[in-house]
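Here is the structure we will look at, set down as structure tokens.
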Amino acid sequence: MGSSLEATSFSFPEYALSWNGQRLPVVGLGTASDPVGGSYLLTKLAILEAIKLGYRHFDTASLYGTELPLGEAIIEAISIGLIKSRDELFITSKLWCTDAYGELVLPGLRRSLQYLKLEYLDLYLIHWPISLRKGIEGVSGDTEYLMFPMDFSSVWVAMEDCQRLGLTKSIGLSNFTCKKVADILAIAKIPPAVNQVEFNPLWKQKKLREFCHSNGILLSAYSPLGAIGTSWGSNRVLECQVLKEIAKAKGKTVAQVCLRWAYEQGVSIVVKSFNGERMKQNLEIFNWSLSEDELKKIDDIPQSRGCQAEDFISKDGPFKTLEELWDGEI
Ligand SMILES: NC(=O)c1ccc[n+]([C@@H]2O[C@H](COP(=O)([O-])OP(=O)(O)OC[C@H]3O[C@@H](n4cnc5c(N)ncnc54)[C@H](OP(=O)(O)O)[C@@H]3O)[C@@H](O)[C@H]2O)c1
């Protein structure tokens with residue numbers, strides 16, 4: 001990581017969210033590391049380096065344990081002049097499943113804001129479409145009897161209240177299928193602005209992307225590099241032969257091909273790196289493009305979901321099979 005902390009003048013494309021026109025930078029920095037929480041100091045330094053490189057969107061979640069270092073990094077970034085105010089950043093966080101009950105949504109958001117030392121979020125997402133028993137930590141197959149169907153109505157109304165109170169500028173979903181997005185749309189007074197899901201050349205989510213797009217919901221890509229090096233991902237994306245050949249021919253890295261491809265699909269991207277060189281590389285996707293032929297080759301890559309989320313499958317819970325959790329989108 002570099003040592004001089006000068007603000008960069010680099011800026012990159014943004015999307016306008018459909019509900020309020022809020023600007024969301026195309027590439028954001030993910031902060032989920034494995035094991036969850038990781039090192040506080042490493043996370044804070046990585047975020048400062050990212051701000052210096054020009055990242056303005058940061059993705060965290062109550063689950064990740066990175067709200068605290070993100071908040072500290074923002075304070076430091078302002079104090080050393082990397083940014084003038086928090087308003088220059090777009091901060092996303094997520095409601096964890098143990099708080100996915102109507103009466104716990106607002107307290108959950110207030111807790112996140114407290115960790116982040118912020119007055120408001122830019123985007124608050126329902127992390128997964130399932131409720132876990134209040135007060136338990138993490139999720140594993142052993143906790144199968146602790147899973148409940150989420151009451152979409154009360155949870156979404158509470159999410160809308162969070163937005164009305166000005167505690168978040170936008171609200172949205174994560175890991176929601178077409179069917180589950182439609183269920184939310186059927187009850188929403190404020191529609192979700194974003195659905196954050198796994199998205200990369202090996203899992204293109206064509207149907208979901210088109211469905212969200214046609215309903216004014218921006219798809220946001222997580223694990224755009226296949227989450228290499230984590231327990232929820234693998235090297236299958238970065239080791240994909242087709243992508244390697246395209247990258248070689250273009251003089252780019254496979255990661256850059258994945259990120260450029262995602263951008264050309266019209267989705268927003270959250271990519272995690274805590275390494276200065278890779279963070280920089282992951283931003284260098286805007287002054288070149290993929291050819292028709294390359295797009296066709298990527299289109300032909302066989303599809304399968306990387307993160308199945310088997311931990312949410314239980315004989316006593318709301319989802320007894322992966323088919324049910326993903327409504328056949330597997
Ligand atoms: N909503 C959800 O349920 C959900 C689920 C998963 C993730 N997310 C969010 O999305 C973010 C990104 O997804 P992800 O972390 O799962 O996966 P990812 O961004 O696809 O991959 C992250 C991994 O790739 C490595 N990496 C980054 N840039 C690279 C490059 N240019 N070349 C080679 N390796 C590179 C990183 O290592 P280094 O740090 O060493 O560079 C890290 O091990 C998360 O951090 C989180 O904020 C959300």
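Quick reminder: no glycine exception, Cβ is built from N, Cα and C everywhere.
TrEMBL annotations:
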ACT_SITE  Tyr64  active site, proton donor
BINDING   His127  substrate binding site
DOMAIN    47-301  domain 'NADP-dependent oxidoreductase'
SITE      Lys94  site 'Lowers pKa of active site Tyr'
Identify, among the recorded positions Lys94, His127, the residue whose Cβ has the fewest other Cβ atoms within 10 Å in this structure. His127
One should report the C-alpha separation between Lys94 (site 'Lowers pKa of active site Tyr') and Tyr64 (active site, proton donor), rounded to whole angstrom, as 9
Measuring Cα to Cα, tell me the gap between His127 (substrate binding site) and Tyr64 (active site, proton donor) in whole angstrom. 11
Three-class DSSP secondary structure - Tyr64 (active site, proton donor): helix
